[in-house]
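In TrEMBL this protein carries:
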- B:11-374: domain 'Glycoside hydrolase family 42 N-terminal' (DOMAIN)
- B:107, B:145: substrate binding site (BINDING)
- B:111, B:154, B:156, B:159: Zn(2+) binding site (BINDING)
- B:146: active site, proton donor (ACT_SITE)
- B:297: active site, nucleophile (ACT_SITE)
- B:388-593: domain 'Beta-galactosidase trimerisation' (DOMAIN)
- B:602-657: domain 'Beta-galactosidase C-terminal' (DOMAIN)
């Protein structure tokens, strides 16, 4: 269990005078900041000339912070190699898809696969770990910063050679690669791994397998770099290692966090998209289920740079965010950044304190968040998040497939958000879980937008069904092989024989006028779709209009104690969301998934439990106030006042912690 | 005359097992497919290592097909040189306008002008011709695939040198080039042909002559390649040679087909744009007027790739398309493709059969199309297309001029479609004819959007007028010289003295508020326009508003037995289409052009004739049903039933073949 | 004072035969053209081979013109180095931000900083000056043509080295640069000036200081080139030197014209944007306040090229433009161009005469403009423009800051146009003045969108306030340091201590729902904004809604005899324009600024004065007619008729010159 709730901020002592730094530390202490993250961009400060490393500043600052009761997360600075690394060495730089070499002057300009980069990164990280790794106050390490946020896969010559090695390891013989990728199409067959190109400019599209594999290769390589760096740190420092990741970056988060000790991420969702904020909490909690997660960066008010600036949060929203994070299982809630950048390119970004040392636009909200943290800390520390009964599978490898095969319109993140929002609306508590996560304990599992299902996943999910679970498959799931080709045994490949249905047609339903009818709702159907003929399965949704009227887009099939449900198409527009909601409600009911009902949209319940009671954390996230419904009488944990069962009204951005008898 | 109607499909025996191939051939036979096209991308299969060519697979498959009663069109595979051609040889690759070299991994990546490409292409084609050229069942050759579909003019060094040679041949002395191109503007004068750049990146626009000539050069070179390849085939094979071209590619179709034996093309127009489908039929019929044309590729349902997917045709449309093609003079109507691609990048493309061997979304429609083919075959074989009385000139060289001088908005294909649609609406049967086509037999000739009129064309058209024809010139016709400069003798150059009018102003009428009034219609005028003062001609259309009110945009001038009509501007919006229609109707009437009237929009009549009767092929193309009007009593050729003169109703996508007394 | 009003045109004798040239000169003489500009693109004509310069053609043409009573402005041809300069010498060519080298075939393709370019440019200009510099009829020189119109800063290696020199001169020590730019952010610190990159492609944004400094460097270098060229000319020729510049180009006009003798510019604003036309007159008049300015290029009808073509001016507008220019202080009003280009890429551009020698679409309008010139010449020559009482500061260096820090939406020119239009609507006569201009004589000074205020400017403006002026600062003014960083002493840096207010917050108000209320108007506030707490100042505008309600966005502070007004945000939409107008009217009234009222929108008054009377030049610019109000009885200077005080109606595009008693 947690020992404390951290409330923190990114801090750049290397950018300000010793006096400003001292004052800032006092100021932080005063307002309750109890952790800072430092160092992720300071390589040139500590190694101004190649080989001359001097870490005194860090030792001192960590000490000062510790004296002020502020703990430190120390970062490795590998996202920003100094100019001595890049100047005169174009071969060390990142090359983008168009073949342009990206130069010094920003960040992530180095190819992270270059052996000399790996060498210099090892040295600096090793020194940091050795000299700082045991300092009092140091509680964790963050590797690098936002891997692959600005760049995707590198196309340099070093990467080309590693790509060829990776292919050789994956396929053994080039003939096998040719077969797996179907390279005879367009005479692309390779005679040697060294001939396989990187997916650079061509007259028309690259082979889908090549495009997807290059992404997987790149995601594997960045995870290997993280693994290598974490191992170096662990030699000298006992505290855990993380990375500040995101759904938006070109990484495989599941693979990445496998090598790390806990999960953390950055999020800059605007208040209008509070459900995106919740989605991140419900996802990142599950990458390292045995460790609490951290929100490593969020803005006290708004994101911004010289190229664009966001809208400051409405007053009150920040505390709601903080409470939602802690209630969802976060140990830390941290800002970017303490003091506004005076230089660089992010001067317009929201900060707690302005560059001239005055409270910034979000300052009062940070104080509110701190008050909230204090008020809930004891209740949170004495309880733990409740495992949800309903889960949605999330996969960055699926994202790679959809990037390759975008049909000109598919955006993985947007699709995941759509399905998440529907589940949020049903009032079910939910987990987003990675592909490799255990399915044990869930009652309802939804696997949307995962073009390839691994056999491990499929077997685990079939066992889940055998044991009474309901598994909803689709849309766009199981329609491609591991190699990003079309299955030739059946439309859904190896899965199809377990579905009681037969895939007849696949086509994009947009613009065809096809409607679907299911559970009393009629909605337009959308996106690349699979049309079924039920064999032993039962059709639960029928196509109207379009080129295949009367056929099925939704089937269910009993298996063991559970059911396998195929959803072949994406219901669209408002009616489509309504249909998806009805599908979830129907199967949720069958699977006996609890719904925390009724509630008004924009107000959420995050259920927790302690050894003797349940704890509902209720938060209004949309700033309009609302209500939820308590199933029994309870107690307000913050005031001790008794609360009657039934409707509980919350004011705009208000949060309530209500204790209820255990196991309601 | 035709011996049979072909119904075919692209087929890739190199991609599937022998068993699948055998089964597929049987299946094709069963459903009436009587021709397949093979081989256009299989270079790496038959020459896996440079110099090791093995064609046994093809011999066998052509034999199998022949046994099944299916004939073969054999392709040369030159659109996809294998990796042994490109790997390690960047100098052999295509370079685009931005100067980017395009790599292996797609198709059309080779510069088709590179001498080593020409050599390797000659060798493989020669071998194919020698070993397959006399096989039973082989009925034709297709060169390459969709020349210049993905790329336009190459900018590599080989092309640079050929460009200089081409310029020297065209201009003799560089001083002559300087004079023709007016290079003194902006000090661009050249001292040597070798200094003339390719039209790559510059701070502002290139000289118009240079831009247009580079396109003509590129179009000539690809036609030369076709010529060279066709000659190789003809040494060993007696069957005719074609290429699957399109209006959309960067080729001069008239020049290209001069070297080939018959015309064919690919079309993927959606059902909503059925007039684009008809336009292609009415155009490609005329590139080789003595030979029937082929639709070499069209989708059984929808086009698609991993980057985007079209809408499947409504059920019933495919048979309507097939009947329209055969009625328009097509000998073959072929699909892309038989079996869905399992790999590559076109997996989402519509196919007759899915990758897992089930009927695809268009399968039933293919069966319908086959039933239609069978039902009309005898009537079609015993008749021939009627030469239209009205013609529109089509020119890919004009397209090059408009590409250079786009005014930021001109798209040749869209403009041609606009004028075609207007003529379609008048109920006149029509031909789109290339610049060099004979004008004999036509009564009404329209030459829109041909910025430069060659003197050959002009002389032929003036003779056409002398003999009683009515020639409508414009919009945007004869406004530029052969060298893409502005004429200095008169606004319409050499033509002007034959027009009875004087060009006063030229300007873009968009946004000026200029209206035109003609034949009782008032419409906004649009695009780059020519304002006339009638001298001996009569103004038939007057400008209202704008900067030159009261002047003429439409004049007519008697000449010999006919008339020369100048149309100086493009009437816009709905009223503009109405005005163009009225202009065509008026001059069509004067020229005594038959109109097949009345009819409802979306239902078309394709007139044919045999030695003893006329045959109207009536098709509803818009899926809404409609009617046409029979001028006399006739007979339904499919049922033998008598049909009364007057209104004939057709159901959605229905086709009728009505025999009428000859020469109505 | 002026001796005559020039009415002229660009003329290209090198492009046409001697006969055409002679006829054209006679034609010009006949219609009143009294000046031509020649030679700006003829380098290849006079130096066809490197080193062989022959200027006979120019001597002859200038003589012919002189004989016809037409004076000449001679240009240097350096915008278009001949092919002998560029062919085979890629290192001499311009390199754009993406790293692409731009080739021969257009103009501005040479890097103007290359020493060999400077050498060849010096030689040709020296020869021109020596051989033509004393010819009768020559009245001025124009350097080059539209510096940096098509290109911005060059990224070639020569520029890289000059950049490093420039940095060394500016910063002395690289440590100083690091400090000024805050390069420790993202480890960008430099050890040597030679390591500082040019702002080419990077994964994310460059440092703001680097981006802005590279622009200032580039603007300084082009001004140096102008300075160098002007010095060469002055050695041999006594007539003044100018350049045809624009607000739209990548130059610092204030710096550029410092080295030149008079200001001139090109403008192609459409009639619909007549206020953009007036803005240019009110700006360029002030770059060289002791010399009349020239409109060196404007179209007789419309701008155009093969890539797009504008709308011809409505008939009547051209004369209104000419009168507005002369009334605003122009000595010359010149067209581009006399005879339509037959070749190159600007064939569609409006011209006085067509390529085939007929009057063009604007010809009659040119005759009208000439008639207007003649009718007003005496009144204009006997009066002079009145210095305005209200001024807006214009800065191309500010434009560089906003280009770097665009927030994704800021366009300097559009913002300047917005504030100009507001002042135009108030009926105040106005000057746009460069940063270094004297503020003496003004009563109201507005400094919007100048992110960095130099201390010189600030001190001058504070003195202006001390002496009774009212100075409005903002929006977005004084928010950045000279080095494009955020001030750390106060939100407005050194200025803040003089404002009586404290900057509390800065954020982008778009999308926050923030409204402002001031002077009875409530309007949405917009763009990057500064929120104030008045200390000794008085709040004149209050924020409603958004994240900082109740605070101030508009303060005023008495200082000496005047006031300093801070405007922290940009009022948006129609209400925002209304609010800005009310702010100007309020402070204009306090400052006692005359307003020429009332008038109808689209009709303008340009006040002039002679030694004994005032002269109002009244022009309807919107083609709808309108009226102004004469404060006293006056006299029509063109007819001598007396005009009563009060409402004076003008017809569409009509101009009137009304003499009023002096000093009204």
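Just so it is clear, glycine is given a Cβ too, placed from its N, Cα and C backbone atoms.
Projection of TrEMBL feature records onto the structure.
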residue : record                   : DSSP class
B:107   : substrate binding site   : coil
B:145   : substrate binding site   : coil
B:154   : Zn(2+) binding site      : coil
B:159   : Zn(2+) binding site      : helix
B:297   : active site, nucleophile : strand
Worksheet item: Which one is closest to residue B:156 (Zn(2+) binding site) in space, judged by CA to CA distance, out of the recorded positions B:107, B:145, B:146, B:297?
Response: B:107
Worksheet item: Under 8 Å Cβ-Cβ to chain A, which of the recorded positions B:107, B:111, B:146, B:159, B:297?
Response: B:107
Worksheet item: Reported as an integer number of Å, what is the Cα distance between the residue listed as 'active site, nucleophile' and residue B:146 (active site, proton donor)?
Response: 10
Worksheet entry | Close in space, distant in sequence - residue B:107 (substrate binding site), Cβ under 8 Å, 6 or more apart | B:41, B:79, B:80, B:145, B:150
Practice prompt. Give the number of CB atoms, excluding that of residue B:111 (Zn(2+) binding site) itself, located within 10 Å of its CB.
Written response: 26
Worksheet item: Along the domain 'Beta-galactosidase C-terminal' (B:602-657), what average pLDDT does this model show?
Response: 97
Worksheet item: Going by DSSP, how much of the domain 'Beta-galactosidase C-terminal' (B:602-657) is helix, how much is strand and how much is coil, in residues?
Response: 0 helix, 33 strand, 23 coil
Worksheet item: Measuring Cα to Cα, how many angstrom lie between residue B:111 (Zn(2+) binding site) and the residue listed as 'active site, proton donor'?
Response: 15
Discussion item. Roughly how many Å lie between the Cα atoms of residue B:159 (Zn(2+) binding site) and residue B:146 (active site, proton donor), rounded to a whole value?
Written reply: 20
Worksheet entry | residue B:156 (Zn(2+) binding site): tally of other CB atoms within 10 A of its CB | 21
Item to complete: Please report how many Å separate the Cα atom of residue B:154 (Zn(2+) binding site) from that of residue B:146 (active site, proton donor), as a whole number.
Response: 16
Practice prompt. Take the Cβ of residue B:154 (Zn(2+) binding site) and count every other Cβ within 10 Å, whichever protein chain it belongs to.
Written response: 28
Item to complete: Within the same chain, and leaving aside B:111, B:154, B:156, B:159, name every residue whose CB is within 8 angstroms of the centroid of the CB atoms belonging to the recorded Zn(2+) site, in sequence order.
Response: B:94, B:95, B:112, B:113, B:114, B:155, B:157, B:158, B:160
Fill in: Under 8 Å by Cβ from residue B:146 (active site, proton donor), counting only residues of that chain that are 6 or more apart
B:79, B:244, B:245, B:246, B:249, B:266
Response to the item:
All chains considered, the count of other Cβ atoms within 10 Å of the Cβ of residue B:159 (Zn(2+) binding site) is 23
Practice prompt. Please work out the number of neighbouring Cβ atoms within 10 Å of the Cβ of the residue listed as 'active site, nucleophile', leaving out its own Cβ.
Written response: 23
Discussion item. Validating a neighbour-count step here. Other CB atoms within 10 A of the CB of residue B:145 (substrate binding site): how many?
Written reply: 25
